[in-house]
Amino acid sequence: MHRLVRKGGRMEGSCALGSHWDKQFSDDEDDDDDDHDDDDDDDDEDDDLMIRINTSIGNNPSEYAELPGRDGRQIKVIELQKQGISPDLAVSPALNCLCFGLFLSLLDTTIVATAIYTIGVDLSALTTINWVALAYTLSYLGCAVIFARLADIIGRRNAYVSAFIMFVAFSVGCGFAQTLNQLIAMRVLQGIGGSGLYSLTFVIMPEISPVKIQPLTGALAGAVVAMAGVLGPVLGGVITNYTTWRWVFWINAPIGIIPLVVFMIAWPSSDRMTPVHLRPLKELDLFGAIIVIAASVLLVFSFQQAGLNANSWSQAIFIAPFIIGILLWIVLFGWENLVAKKWEGSIATMFPLRLLKRRVFMGHFITTLLAGFPYFMVIFALPLRLQVVNGKSQLVSGVALLPTLAAVAITSSIGGMMNSKRDLIWPTLLAGSLFMVIGCACLSTLDNVPQIQAKMYGFQVFVGLGFGLMVSTVSMGASLECELRDRTVAQGIIAQARVLGGSIGIAASTAILSKMRHRYLSTILTTTQLSNLEASSRSLTPAQHLAVQTAYSTSFSESMKVCAAVSGACVLAALITFRRTPMVIMERRDEQVREYTELLIREERERAEKTA
């Protein structure tokens, strides 16, 4: 609860916001004023407010910064303390654990790609085994924003630890599953935990990081995203070849428990973190959460089902969930509008409409949504092409993605450093989008030949350069373009947009492949051969082999053309983030502090007026 007391004509008091804010009007400063100020000065100082907070997010090296209030008064923001210990050393264990949790959650989106056939054979469910991957993806997608908002209620550490425990526990459950239905149920619950690890990493990393390395947190997260996407298929193939597929899931327990324990021990004290305002559980937007899950899941599910066969696009299995999903998004924004008008401040909405009204933030949202589409499609489609068209093993196909990984790691760091002092966000996003257009367009020109063409590695680099620039820049831009009170949910929205775009990209790739298989193979192969192509490949004639290679090569080329088109739309979305006058990053962070302190003061006065 907030508490303000008027004393001697000026406001004094304290405000406890969770465990992270100590907003108070300094008694020491009052004493100094009494000793050194005359009566005339006292009259002026009565109009000033002193608010003691952690100004690390503003990077102001002085003892205090005077931030002008909108009503003309000066708000003196005083640093809580100046630590002698290096903040980099203090938070590095927690940052490492966050990155490892993010890696594990993303790894499980792709690690089953090379193990799914073996799982299907073992569980006697080859025709429906796709649901093992789909169950994780859908739950992973649907809960990203919800976990971000939950962190505003139960706290960052509690939300993250809960997600980690849930992820590890149900990973073990996946390994012990004896039927397909059991495995699907465990994957759904595992995906919910993984969703929390994913979205909360982007929320917590900038909050616990020292100011001088905050611009690099997006770069670090981007490198982890790329590494997990590339290494997933490789590790899945290695584990399946040398052990049992169950270790694909069990491995999360022994390698996940240690960082979980270290994270709980290394969690930084409140004075080393960006201030956080916790909200009561009753303010959770439960209805909005349900709508977000249903809308996201149905939209991706419709595209996934469309990829089952060539005729699905005109059938109810695609049309019904697609239309319902779109309608639910409309319902969501209608609900958010109603909340904003009638219950603003009393319900923590899933998508605050004030974010929707911010042009630059929406530019980041659209850019992220579109960028996830081609990147995840490339990660999914390229190894498949290498296996079928070029005859490479699962391990070699995964290793072939390393140029993409290296490019993402490099440009993620570059994107963060470019925007560490001055706002170069829109040129960075524009350059990243253009790189992805070039890379995807060039990948569509690969020939249908059994040898791997060396130019493929160079084309991959362009895709990686583009995505790396964008993933780190968008994370930073989103945090700058929102109010301080919305930063958590803003990062959750951006995280969910990236997964949503990637999920639709993978589903679209599956749909294109289904269409090409029907076009080239339906008259050559039997239904049994088509449904179990990997098992029947050894018995195919040379002509049938050539037809299969042609179908998959054409499918990849068409997929890359679609990716190039979506990346072109991403170029236009990047232009939405244009600013005539670029921001100075640290000035913007100071402005966010000022806006938030003014909001808190206004809320206190409103409460005081109601209780008076």
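From the backbone N, Cα and C atoms, a Cβ is placed for every residue, glycine too.
As stated in TrEMBL, the feature transmembrane segment covers range 492-513 out of the listed 184-205, 492-513.
For the transmembrane segment (360-382), the list of distant contacts is 110, 113, 229-230, 397, 400-401, 404, 426, 429, 432-433, 436, 439-440, 443, 460, 463, 466-467, 470-471, 474, 477-478, 481-482, 490, 493-494, 497-506, 508-509, 513, 555-556, 559-560, 562-564, 566-567, 569-570, 573-577, 579: same-chain residues at least six beyond its ends, Cβ to Cβ under 8 Å.
Sequence-distant neighbours of the transmembrane segment (159-178) (same chain, 6+ residues past either end, Cβ-Cβ under 8 Å): 98, 101, 104-105, 108, 123, 147, 150-151, 186-187, 189-190, 192-197, 200, 204, 246-250, 252-253, 256-257, 260, 263-264. Mean pLDDT for the domain 'Major facilitator superfamily (MFS) profile' (94-585) in the predicted structure: 83.
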